[in-house]
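Annotation source TrEMBL lists domain 'Major facilitator superfamily (MFS) profile' at 32-452. Annotation source TrEMBL lists transmembrane segment at 34-55, 75-96, 103-121, 127-151, 163-183, 195-213, 258-277, 297-322, 334-355, 361-382, 394-416, 428-447.
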Amino acid sequence: MVYLRASERTPLLIGAQLSYLAASRVGARHGQAILLFVGMMINYFQRVNISAAIVPMTQLTAGAPYYDWDLAEKSLILSSFFWGYVLSQVPSGLLAKRFGAKYVISLATAAGGILCFFHPLAAEGGWINICVLRVLTGLVQGSVYPCVHTLLSKWVPRTERGFLTTGIYSGAQFGTAVILVSSGDIFESSMGWPGLFYISGGLSLAWALLFLWQGANEPATSRNISKIEREYIESLTGSNNSGQSLPVPWMSIFSSSAFYGLLAAHCGFTWGFYTLLTEMPTYMSKVLKLNVKSNALLSSLPYFAMGVLCFVVSPISDLLINRGSITVTTARKLFNSIGQWVPMGCLIGLGYMTADEKTGAIVLLTLAVGINAACFCGYLVNHMDLSPNFAGPMMGVTNGLAGVTSIVAPLVVGAILTDEEDPTQWRIVFFITGGIYLLCNALFVLLGKATVQPWNDPPSVSSTTTLRNNLHVDSRTIAPIDSKEDRF
């Protein structure tokens, strides 16, 4: 049995009995995970609604406004979200660290919901007005990932990091799938395409109020947590309880090769994911010749597949690590490679599909997006591996820089596609995306690590110092080990 000190004042028992009791029960951390899962879904409603709505907005349909926007204008609309998204990443991470991620993400979600209500009105004034609203939506949405990562660094024990983190972030895929699959019925209802924005806005406001009421920045401030669970979480997160007052070691972060490996993997995932997210409805409509309702249903299929696969790959990752079968670093690189290199092969095959091969094209698209789920056990949890205390600000940096690819990708597609119905032009789009997957994951394999970095710790003794001394963070197990000092 082992004592692991969370601080000089509080010795915490995390031996077999405490670990078993806390880990085997459904607790407050699972309630927080469910809230954040729903929050990810609803925030992705705000993000994805324009990708689904852009098709009926630019097609003549009964009972709904129609706008004659050309390819370049549609590409600008789809990319404009990320202009604001990139700018707010780092400030959002710092605000979450300073004032608490609970308040930042709640206010941002509410603001994004209000902006949703104005989209139909803005469209009447022209595509530039829509671009302005998408930039503003991007600004508030830029807080989501830094805030969620800040919360996860406080709430998720290392032994459950793959499952709970992946489960929460799978809300993005389920949110994407739900908005796409329901959009066809909404478009054909009396509300028309404007209804998609009204529903997104209403749900956003409801979740923001719920999370302000039931959410918590960390276990110590939760009203619904037991003492055993709180001690279990605090001992196995590696995040210092005084982390809000720690200065961010920017120079150390930007001189870390592991950080650049993580950044490359994040950029590769983002380019591929958002290229398909923004362009898939158009591809299915123009190349595969699917109608609006069929397009909506089939466009959602890859994201349902990705959401389900999140709950398949994450327990496997945690099991392999916790049993000591592979190291944490090996697990991160293995699953990230599956999540980027397998989709690369699918996209190469997709480049040779035509309208006569609808089934094969849909299968490859589903695999290309669905298998991305493995990346959630790769680069996405790696911020917390490297620095539990600064996972939020680090996510702000990598997500902000990766967001630049989200701006560039739709513009590159718009420049390539002079004829949206030409499969050979789409082949170029898919080949470029596959090449980016290949390069970015190769950099992660070469440079990536999954050990807590020295710059994570404050100068004084902290929980992370003791944690790293007592855990084989990147060895064959992450379970506590006996030492002469801590044994009894």
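Numbers here mean position along the shown chain, with the first residue as 1.
Including glycine, each Cβ sits where the backbone N, Cα and C put it.
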Contact ranking winner - 34-55, 195-213, 258-277, 334-355 against the transmembrane segment (103-121), Cβ under 8 Å: 195-213
Dominant neighbour of the transmembrane segment (334-355) in 75-96, 195-213, 361-382, by Cβ pairs under 8 Å: 361-382
Criterion met for the transmembrane segment (361-382) and the transmembrane segment (75-96) (at least three Cβ pairs under 8 Å): no
Annotated stretches the transmembrane segment (394-416) and the transmembrane segment (297-322) touching (3 or more Cβ pairs under 8 Å): no
Ranked first among 34-55, 75-96, 127-151, 258-277, 297-322 for CB pairs under 8 angstroms with the transmembrane segment (195-213): 34-55
Close approaches to the transmembrane segment (75-96) from elsewhere in its chain (Cβ under 8 angstroms; 6 or more beyond its ends): 47, 50-51, 54, 69, 104-105, 108, 127, 130-132, 134-143, 145-147, 149-150, 248, 274, 278, 392-397, 399-401, 403-404, 406-411, 413-414
